[in-house]
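The structure appears below as structure tokens.
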């Protein structure tokens, strides 16, 4: 997929330069601009002895008595509010900016020129009377009228400005959450976290708010009516998302300052439509940087916080949904406004309008094809479409606001997106494109070994890489796999693949066509993800199964080698497999555990044929005793032979009793780390049972580390 990423980056760079001189976002609610526009607005209701061929000309800019009246209006309003001449002088720039649309005559005026014009006009100024027409002299407007116009313009502009402020707060909210996560993450390396986890309030928060799943599902997908499927967040992710949704809802619905006199707009409904359109449009754009950052693989917040990539993808999805909702509200509200304002026919011909409609259609298609059913069955098509439509969405949004404001949100998103892609290219280039050895193990497992760079590249337990198999049929695809540093040969990596649909099936076919052993060049990007800091806990329980073995096995090897030095009391690796064929792929790593201080328990979950009356079943219940390595022996079923034998390993038939395993290690002295990676249902059960244990063992510091990731 790297060629798509590169082309996408180039496309975005070209598109971003397609329009010249984008308008910078300015804050309209500043006093000089509000007063200038308010006074220009109130004087615009006056009939002057003035005519112009320009339909949109402004007497306040081109007719001297009107300009003198505007200066006096601003000056008096500032005096009433207690501002000095220095603030008055700041309005001169606002006058020049507003009048630049109508005339260039004011652009060279100095402060002295404006003061002279004000003083000259003050000499002849007359109080305005309602109904006066064809005025040829400067006028003084009633103070209450001026204040009403100021209130009206202030509400209009402040609503627009506060949308940017609220957008910034949403960004700051997620950054703040990640800073808090970073603090908790780095506390894992200190004794303070152990003491913190024993506090009653903290235990209740972790039991009910941060560790458990929602309705027993997180790694395993939910389904409603067999159409709506997807992944639920964990409760901690849910709390973060809920906080964001509350913020977003409040920011979208609260704080509108409506004008009871309808001085700018003809009716209250016009005000509501325009205010909601502006607020929702700005909030939609404020999501750009976060959406780009959370989807990227080189997210600096992930590095500092230890939060998993799968969590950021969960946030990315919710941000995208709310951005789409904002865009729909923006489009509907602005359409309503144009109808109320009787400007529909002219508005729909505007360039910004047409690109806005295009952007809304594109993001709607993106959201629709991001549904779980498309990602599950057509992932490569989804990914390609997501990137292409994403680039088009950037472009249409750019053109939508290029002459308005809000372009800085897109600048930030493009910068984040481009930097991420450049770093990814650097990562792949640094690793090179080595030739890997592929070996078929059993019927559906491939063991891949490949040389890695000697310097500045080392995979920690639980980390993963994105691999592209450089075969002409599927070289563009990039898929994540957990990686192991080889224990057989220094400087090599080991990746275990299990045949599924897609590229792994094609790779297996290629290996089979070459007699079960083959070589192929790879592009490897990584390593990504953080390694769970389990070495800081007294006892470690590693639970794994299915295709989730690499991370826990790597942890077990590392812990086993350092347990004597770090004072580990107990390290237990529990592997649940459906048949023992998968163990052959990990035989070198599992044999390494024989000489380490690690208890290895293997559960075969494959069903055994029912026994007949003629079968003799001998169940030997052995007393718990330890062999030379301290491994506890368990009940065994003699009719279930083990095709692979590892010294000191305890084999079981059936599924592991997660609750029992957790309580066994929970009774040991010292802190406990529980690490899990395996089948989705198994992972969800371990998560929920660990949450229960946190409350049941008040004197014990227990931490749960989940290395299962799916997006």
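Note: Cβ is positioned from N, Cα and C throughout, glycine not excepted.
For residue 316 (heme 1 binding site), the Cβ neighbour count at a 10 Å cut-off comes to 22, with all displayed protein chains included. DSSP assigns residue 316 (heme 1 binding site) to a helix. What Swiss-Prot lists as heme 1 binding site is 316, 386.
Taking a C-beta cut-off of under 8 angstroms and a sequence separation of 6 or more, residue 400 (heme 2 binding site) has the following same-chain neighbours: 352, 355, 356, 359. According to Swiss-Prot, the feature heme 2 binding site maps to 330, 400, an assignment based on similarity to another entry.
If you look up Swiss-Prot, you'll see 479, 480, 481, 482, 483, 484, 485 marked as FAD binding site. Sequence-distant contacts of residue 479 (FAD binding site), defined by Cβ-Cβ distance under 8 angstroms and a gap of at least six in the same chain, are 466, 467, 468, 502, 503, 504.
Taking all protein chains in view, 25 other C-beta atoms sit within 10 angstroms of the C-beta of residue 529 (NADP(+) binding site). Annotation source Swiss-Prot lists NADP(+) binding site at 526, 527, 528, 529, 677, 678.
What Swiss-Prot lists as domain 'FAD-binding FR-type' is 415-534, and the listing cites sequence analysis. Across the range of the domain 'FAD-binding FR-type' (415-534), the DSSP-based residue counts are 29 helix, 46 strand, 45 coil.
In the three-state DSSP scheme, residue 85 (N-linked glycosylation site) falls into the helix class. Summarising the annotation, Swiss-Prot assigns N-linked glycosylation site to 85 (among others).
Taken from Swiss-Prot, the feature N-linked glycosylation site covers 108 (among others). Long-range Cβ neighbours of residue 108 (N-linked glycosylation site) (same chain, at least 6 residues apart, Cβ-Cβ under 8 Å): none.
The Cβ neighbour count for residue 120 (N-linked glycosylation site), using a 10 Å radius over every protein chain in view, is 14. Annotated N-linked glycosylation site per Swiss-Prot: 120 (among others), in sequence order, evidence recorded as sequence analysis.
Positions annotated as N-linked glycosylation site by Swiss-Prot: 134 (among others). Counting Cβ atoms from all protein chains shown, residue 134 (N-linked glycosylation site) has 9 others lying within 10 Å of its own Cβ.
What Swiss-Prot lists as topological domain 'Cytoplasmic' is 188-237 (among others).
Residues of the same chain lying 6 or more positions beyond the ends of the topological domain 'Cytoplasmic' (302-321) and with a Cβ under 8 Å from any Cβ of it are 174, 178-179, 181-182, 185, 188, 231, 233-234, 237, 240-241, 244-245, 287, 290-291, 294-295, 366-367, 370, 528-530, 706, 709-711. Annotated topological domain 'Cytoplasmic' per Swiss-Prot: 302-321 (among others), in sequence order.
Per Swiss-Prot, the feature topological domain 'Cytoplasmic' maps to 420-711 (among others).
Here the transmembrane segment (167-187) has Cβ contacts under 8 Å with residues 193, 196, 240, 243-244, 247-248, 251, 282-283, 285-287, 289-290, 301, 304-307, 315, 409, 530 of the same chain, all six or more residues outside its ends. According to Swiss-Prot, the feature transmembrane segment maps to 167-187 (among others).
What Swiss-Prot lists as transmembrane segment is 238-258 (among others), and the listing cites sequence analysis. For the transmembrane segment (238-258), the list of distant contacts is 151, 154-155, 158-159, 162-163, 166, 169-170, 173-174, 177, 209-210, 214, 232, 268, 271-272, 275-276, 279-280, 283, 314-315, 318-319, 322, 326, 329: same-chain residues at least six beyond its ends, Cβ to Cβ under 8 Å.
If you look up Swiss-Prot, you'll see 281-301 (among others) marked as transmembrane segment. Tertiary neighbourhood of the transmembrane segment (281-301): same-chain residues 160, 163-164, 166-168, 170-171, 174-175, 178, 248, 251-252, 307, 309, 312-313, 315-316, 319-320, 322-323, 326-327, 330, 334, 397, 401, 406, 409-410, 412-414, 416-417, 419-420, 423-424, 466, 525, 528, selected by CB-CB distance under 8 Å and a gap of 6+ residues from either end.
The transmembrane segment annotation in Swiss-Prot covers 322-341 (among others).
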Assigned element (helix, strand, coil) containing residue 134 (N-linked glycosylation site), judged by DSSP: coil
Distant-in-sequence Cβ neighbours of residue 483 (FAD binding site), under 8 Å, six or more positions away: 459, 463, 464, 465, 493, 494, 495, 526, 527, 550
Most distant Cα pair in Å, residues 526, 527, 528, 529, 677, 678 binding NADP(+): 22
Densest Cβ neighbourhood among 330, 386 (binding-site residues), 10 Å radius: 330
Alpha-carbon spacing, residue 330 (heme 2 binding site) to residue 316 (heme 1 binding site), which is rounded to whole Å: 21
Pairwise Cα distance for residue 529 (NADP(+) binding site)/residue 120 (N-linked glycosylation site) [Å, integer]: 71
From recorded positions 120, 316, 386, 528, 678, the one whose Cα lies nearest residue 134 (N-linked glycosylation site): 120
Between residue 386 (heme 1 binding site) and residue 528 (NADP(+) binding site): CA-CA distance (Å): 22
Where residue 677 (NADP(+) binding site) sits in the secondary structure, as DSSP reduces it to three classes: strand
